[in-house]
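Before any comments, here is the structure.
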Amino acid sequence: MSAARQRVLVGVLALLGLLAAAVLFDVLGTVFFAVTVAYVLVPLHERFVRRGVPSWWASAAATTVAFVSVLLFFASFGFLVYRRRSELVGFLLDLPESVTVELFGTAFTVDAGVVTEVTREYLGVVALAMARLAPVLALKGTLFVLLVFALLIRRGETRRALLAPVPHAYRDVAAAFHERTRETLFAIYVLQAATAAATFLVALPVFYLLDYQFYLTLALVAGFLQFLPIVGPSFLVALLAVSRLAADEVVAALLVLTVGGVVVGWLPDAVIRTRLARETAHLPGSLYFVGFTGGLLSVGPIGFIAGPLVVALLVEAAELLAAEVNGDGGG
């Protein structure tokens, strides 16, 4: 094939790729999430196949594990809220009609009715938005399941199709990026689960010492919120501080905000997540934190995966270039 023909085909591929990204923009996040989950499920799929399970059934079983895991997470969180519904309603009913806070000799009074009305309107908007999004979420969930299943059962064909346009001299580079991607994605999901568990463990004594009756429930909620990166356990800490402030317990509110904010909201992400990143993703904690934070701020919730992955691939590219310049490359 001539060089000119290759350039034309590369241009056509790039143009069609951009067109596909524009047309499928609303599901790019779902597709990306499904690809990353399929990457992580490959070892499980291979284990099923080695035990004599046909490839189709192995793909179905691995996909079911992923789908049920996600479903159980949200269902367990909903069940936890349902079990404590009476306490939540009682908490809302016990809110005072007004809150007075004195700062620097000046008293500030906030009408709780205004806050309640704003909260009611906000919850109504959220409920309406969720009702409108329900069909979309169902379609995206179906797409996620089908895509994970297809990627697992056609893993060999997908790999060959992706490697086919890569010149043989650069196959080792593609293999290095593949291995780095696999390790990083596995580490990201392990890190997320480990950070959530660590958040629960550190939140348990904190909420107990802060004299909360349902400290176990609050610790579980804090752990669950780690899976919602933009919200996070800091949101729970802020709500608890506001509730103490509403009860005219200014010192207790400041204590919840400082101790809870540092130990529950900041410590798991800044210390535990970054330390584990060095051990599992072979990525410096500072670089992982940059990718995690930058990804969240740039592309939203999916950024907790995309950010560290991009940083890891950048590090891999730098290492490959350094090896090539120093004469250790394979080319």
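Cβ coordinates are placed from backbone N, Cα and C, and glycine is handled just like the others.
Residues or ranges marked as transmembrane segment in TrEMBL: 12-41 (among others).
The transmembrane segment annotation in TrEMBL covers 56-81 (among others). Long-range contacts of the transmembrane segment (56-81) within the same chain: residues 37, 41, 44-45, 48-49, 88, 144-145, 148-149, 152-153, 217, 220-221, 224, 227, each at least 6 residues beyond the stretch ends and with a Cβ under 8 Å from a Cβ of the stretch.
As annotated by TrEMBL, transmembrane segment applies to 88-110 (among others).
The transmembrane segment annotation in TrEMBL covers 122-153 (among others).
The transmembrane segment feature in TrEMBL is assigned to 186-208 (among others).
Among the features that TrEMBL reports, transmembrane segment is placed at 214-242 (among others). A Cβ distance under 8 Å defines the sequence-distant neighbours of the transmembrane segment (214-242), meaning residues of its chain 6+ beyond its ends; these are 73, 76-77, 80, 84, 87, 192, 195-197, 199-201, 203-204, 207-208, 253-254, 256-257, 260-261, 264-266, 268-269, 292, 296, 300-301, 303-304.
The list of residues near the transmembrane segment (249-267) in space but at least 6 beyond its ends in sequence, with Cβ under 8 angstroms from a Cβ of it, reads 101, 199, 202-203, 206-207, 210, 222, 232-234, 236-238, 240-242. According to TrEMBL, the feature transmembrane segment maps to 249-267 (among others).
Sequence annotations record features per position, and here TrEMBL assigns transmembrane segment to 287-315 (among others).
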